[in-house]
């Protein structure tokens, strides 16, 4: 029996991840039983990865307008934010978790390629890449294999494509052992009048496929990303796409030149679900905007690289480096000429129609004829409101010992050696961060990466962040903190936070406790974004990040990853994070209630994350951001670095070490009225929010303190930057830390390589 002759039944639908109710709904929409090609189309378009059917009801609660947004969330391939001078920033973050779990190198590489295509299909040139990675314990040999593959995949693709990888973060937690997270973010710059919409309109306008030929790689990749991982997932390596960064580089240049012709009407990347998603979504946008639309294509015209491909396979292929273009009728040859110049395929495969359907022909037959709106989010795709029920983590209480029994020198070195704290230089040295010559500082020298915008004095700051341990302990607070820390990092550079994108990584949404984590963390994100006036431009939801290995269920920590951009009006105001001058005063901004809950120290020393996330005061955070920007504009600061993972001692040590060309030490004197037996542990290692360590010339201190007072923010002078070989920290005039800077640096810079057993890779 031919593929096209299959008589579709409920069994086929269930094998495609569709429920009986959804199959019935499809039959009602079509007025008949779907063909196998139509079933494949519905299965990917109604998958969680494409339809957000389990998440959209919650996502709609996020602030999606305001600020400098030029597009609403979900309206286009990526968010678009006005930065003045007729320029806009396009940016987006997405996940490639499941592919990276079974094929780490290609999974990560194609994640990078896909997110860059989302940016340049809007007419923007990608100028920076970021990534956020989560792995299991580095003690596990398979985790080390995954780390190696993912890092090489990101580096090889990004370096070859010619876009700098400027920032990111990596955490190691047991819960990610079988299900790593690979979240990639791209940032691009575009002139307002050169932006392109992912919309099909204009009856009779030709539809072109451009880029690589279509193969069988990645078929059902979207569905694969919408189910739990298991041992059987290893068999789904064909669902992992294969990338070619050199082909994508040619595609980028050809596409930007084609846009310059003025004949590109609409443009969309072929990412998840390939030709299916691009034809469906572009048609639906055209109908929504203009009241009429649709696309008809002939698959016999699609360049394929494997013989005998069925319509089902061609429609669902996720072969990389492909895009769909709607051209102005009569000018398609002009566009084809541009692509031929760059040695990139460009072929007319159909046209825009006026019957509001996606119609697919193959070998002289219509194999799919579906109302476009029925396929997409906000149209006919199902929307579910799942049960949410809180299930507090059963974490043990920390059986803390008295400060008097502890050696804080040893504890400080041990904490700096933790994989979650230690330098990630082994990772970022594999990435080219300086290509395009716009990156203003080396990796790690600022709290957020900053890219210069050529032709202006402006810079764009960017950061990704999420401490999933906080979200696990308290989803509402954790969601707030993820946004707050991104904004704090951006403000530390002197930039003003503008907007966010998000990548929401969670377990199975059908489990009430998981859906509770999802809803509450999104609520926290929304509250923070409203307070900071940083609207949400869009993003990605990745559910089903749970694995079953040898019958044992393993769920990831809930990880709502935030990607944020900010604007630095004058790059001369850029503030670094490291000590720069001996004799500078060290100031501590912010004075919250100290707690060890959620801290890396508590996990290291007492084997528990505690009972709650640190508290966060959003109004305090907003004032902190405004103050940091004001201090930068008045050029009062030499450095600013927030207190986060590891607490105050780690923040001070990082400020001392991160400028490897000229490391400087510190003499810090703290006071503490807390008489408890664990007060020193709290003061050194608490990850309490809303704090920043500043350094400034002595003559600037009075002005800084006066400005902090104007913003009603507590600030204290805690010490001095010194050009010596040891760091020293005293509490109530008793020295509790005294370490050679060389020992501190060795612990910090070599621990990750040791933990990953790099000599064995």
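Every residue gets a Cβ built from N, Cα and C, even glycine.
Taken verbatim from Swiss-Prot:
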- 49: active site (ACT_SITE)
- 96: active site, proton acceptor (ACT_SITE)
- 52, 92, 502, 539: ATP binding site (BINDING)
- 94, 540: Mg(2+) 1 binding site (BINDING)
- 95, 96, 97, 98, 117, 241, 318, 319, 320, 542: substrate binding site (BINDING)
- 118, 269: Mg(2+) 2 binding site (BINDING)
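Positions of the features from Swiss-Prot, shown on the structure.
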| residue | record | contacts (Cβ under 8 Å, 6+ apart) |
| --- | --- | --- |
| 52 | ATP binding site | 59, 377, 541 |
| 92 | ATP binding site | 77, 78, 79, 115, 118, 119, 185, 186, 501, 537, 538, 539, 540, 563 |
| 94 | Mg(2+) 1 binding site | 111, 114, 115, 118, 183, 184, 185, 503, 539, 540 |
| 96 | active site, proton acceptor | 107, 108, 110, 111, 114, 182, 183, 184 |
| 117 | substrate binding site | 248, 251, 269, 271, 321, 323 |
| 320 | substrate binding site | 110, 113, 114, 212, 217, 218, 241, 242, 243, 244, 247, 248 |
The residue listed as 'active site' CB neighbourhood, other CB atoms within 10 A: 27
Of the recorded positions listed as 49, 95, 97, 318, the one whose CA lies nearest the CA of residue 502 (ATP binding site): 95
Candidates 95, 502, 540: member of the binding-site residues with the richest Cβ shell (10 Å): 502
Least Cβ-crowded entry, counting other Cβ within 10 Å, from the binding-site residues listed as 118, 269, 318: 118
Alpha-carbon distance [residue 49 (active site); residue 318 (substrate binding site)] in Å: 14
Max CA-CA distance, Å, over listed substrate-binding residues 95, 96, 97, 98, 117, 241, 318, 319, 320, 542: 21
Coarse DSSP state, helix versus strand versus coil, of residue 118 (Mg(2+) 2 binding site): helix
Number of other Cβ atoms within 10 Å of the Cβ of residue 97 (substrate binding site) across all protein chains: 25
Other CB atoms, at most 10 A from the CB of residue 539 (ATP binding site): 26
Recorded ATP binding residues, 52, 92, 502, 539 - maximal Cα separation rounded to whole Å: 17
